[in-house]
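As written in TrEMBL, here are the features:
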type	residues	note
DOMAIN	2-135	domain 'CAAX prenyl protease 1 N-terminal'
TRANSMEM	30-54	transmembrane segment
TRANSMEM	81-99	transmembrane segment
TRANSMEM	105-126	transmembrane segment
DOMAIN	138-373	domain 'Peptidase M48'
REGION	204-223	region 'Disordered'
BINDING	His237, His241, Glu317	Zn(2+) binding site
ACT_SITE	Glu238	active site
TRANSMEM	259-281	transmembrane segment
TRANSMEM	287-312	transmembrane segment
ACT_SITE	Asp321	active site, proton donor
Amino acid sequence: MILLCGGIPFLWNLSGQISGRAGFGPEYEIVQSLVFLLLATLFSAVTGLPWSLYNTFVIEEKHGFNQQTLGFFFKDAIKKFIVTQCILLPVTSLLLYIIKIGGDYFFIYAWLFTLVVSLVLVTIYADYIAPLFDKFIPLPEGELKQQIETMAKSIDFPLTKVYVVEGSKRSSHSNAYFYGFFKNKRIVLFDTLLEDYSALNKEPAEGEDGENEQTKSKTKNKKQGCKNEEVLAVLGHELGHWKLGHTVKNIIISQMNSFLCFFLFAVLIGRKELFAAFGFYDTQPTLIGLMIIFQFIFSPYNEVLSFCLTVLSRRFEFQADAFAKELGKAKDLYSALIKLNKDNLGFPVSDWIFSMWHYSHPPLLERLQALKDAKQE
């Protein structure tokens with residue numbers, strides 16, 4: 001409907017009127033582009049809000065995952081929008097400026113700029129951005145922390161810190177990941193992954209019955225999470241991705257694709273018929289060119305690429321499972337996968353064509369079958 005009704009040129013002209021009233025004429029294309037981007041993301045956030053509310057307070061609520069209040073949800077949404085704009089607008093303005101002054105080889109400079117930005121964001125996300133939304137606390141000293149450090153040391157993983165994030169205040173879904181470059185790796189565990197730490201497993205303190213009644217009624221799966229041995233098996237799988245170079249391979253593939261896209265953008269940006277097809281007959285704004293080419297022209301290519309990356313991701317998941325198996329964690333990973341599937345209410349049976357196209361992780365039964373022989377041994 002947006003394409004058919006000319007929504008993109010309408011929003012661009014509206015952005016020009018707004019920037020013009022602020023004293024920035026048509027020659028200030030970057031300013032108009034930033035106004036356009038702000039309006040477009042605001043429109044996207046507002047129109048996406050009903051679906052997000054339905055997903056959180058109807059679907060997730062129905063199955064006992066949602067732990068948010070309506071006030072927390074809107075506060076979170078506003079915070080996400082502000083943080084996104086604080087990153088998106090400066091990065092976009094610099095990218096447009098580089099394209100404008102880059103000459104014939106602007107696509108190389110644009111690619112290098114996006115590479116640096118992505119590496120910086122990966123580096124600072126967990127330390128400075130994620131804590132704006134969730135509380136991160138160091139994993140207390142104890143048996144689990146000692147076992148994690150021992151396992152990391154056994155495979156030369158340069159672990160510096162282990163954190164627990166209070167994911168249970170937002171959702172009862174569980175997760176674990178690691179981040180950091182070179183010799184500064186950190187592991188993050190969701191409290192919902194840990195049977196001993198999950199707030200959903202704890203009884204309300206005396207005098208808090210009324211406050212926690214709603215949360216108790218939502219919690220369908222008592223004793224959520226995994227035991228320490230199972231948590232170690234899950235981490236063994238995650239560390240397998242690092243040891244086998246999956247993270248580096250994904251970065252390389254992503255950057256090769258990014259370079260190819262910028263190169264093709266440089267080839268196509270001069271084609272006026274592309275702009276005319278989307279309602280831009282007299283002007284060819286760079287930001288609109290980026291949107292048309294990256295979002296629409298590349299759409300068939302992106303579908304094929306997505307399928308290939310999905311196939312590769314499933315292959316990586318099997319390899320990471322096999323790595324955990326080599327660490328002697330097959331039995332614990334087997335039981336952990338069943339628990340996590342149960343906690344997240346995953347459906348164990350999948351149509352093979354649907355899963356082949358959509359699932360970045362192999363279906364549960366295929367992963368269990370791959371682990372079964374080692375488990376029996």
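Every residue gets a Cβ built from N, Cα and C, even glycine.
Automated prediction, rather than curation, is the source of TrEMBL annotations.
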Cβ neighbours within 10 Å, counted over all protein chains: which one of the recorded positions Glu238, Glu317, Asp321 has the most?
Asp321
Segment-level pLDDT (mean, integer) for the domain 'CAAX prenyl protease 1 N-terminal' (2-135):
92
Positions whose Cβ lies under 8 angstroms from the transmembrane segment (81-99), at least six residues beyond its ends:
29-30, 33-34, 37-38, 41-42, 45, 106, 109-110, 113-114, 117, 121, 129, 132, 286-287
For the binding-site residues His237, His241, which one has the sparsest Cβ surroundings, going by other Cβ atoms within 10 Å?
His241
Candidates 30-54, 259-281, 287-312; stretch with most C-beta pairs under 8 Å toward the transmembrane segment (105-126):
259-281
Listed in sequence order, residues not in His237, His241, Glu317 with Cβ within 8 Å of the centre of the Zn(2+) site Cβ atoms:
Glu238, Gly240, His246, Phe316, Gln319, Ala320, Asp321, Phe323, Ala324
Rounded Cα-Cα span from Asp321 (active site, proton donor) to His241 (Zn(2+) binding site), Å:
9
Glu238 (active site) to Asp321 (active site, proton donor) - Cα separation in whole Å:
9
Can you count helix, strand and coil residues in the domain 'CAAX prenyl protease 1 N-terminal' (2-135) using DSSP?
111 helix, 1 strand, 22 coil
Using the alpha carbons only, what distance in Å do you get between His237 (Zn(2+) binding site) and Asp321 (active site, proton donor) once rounded?
5
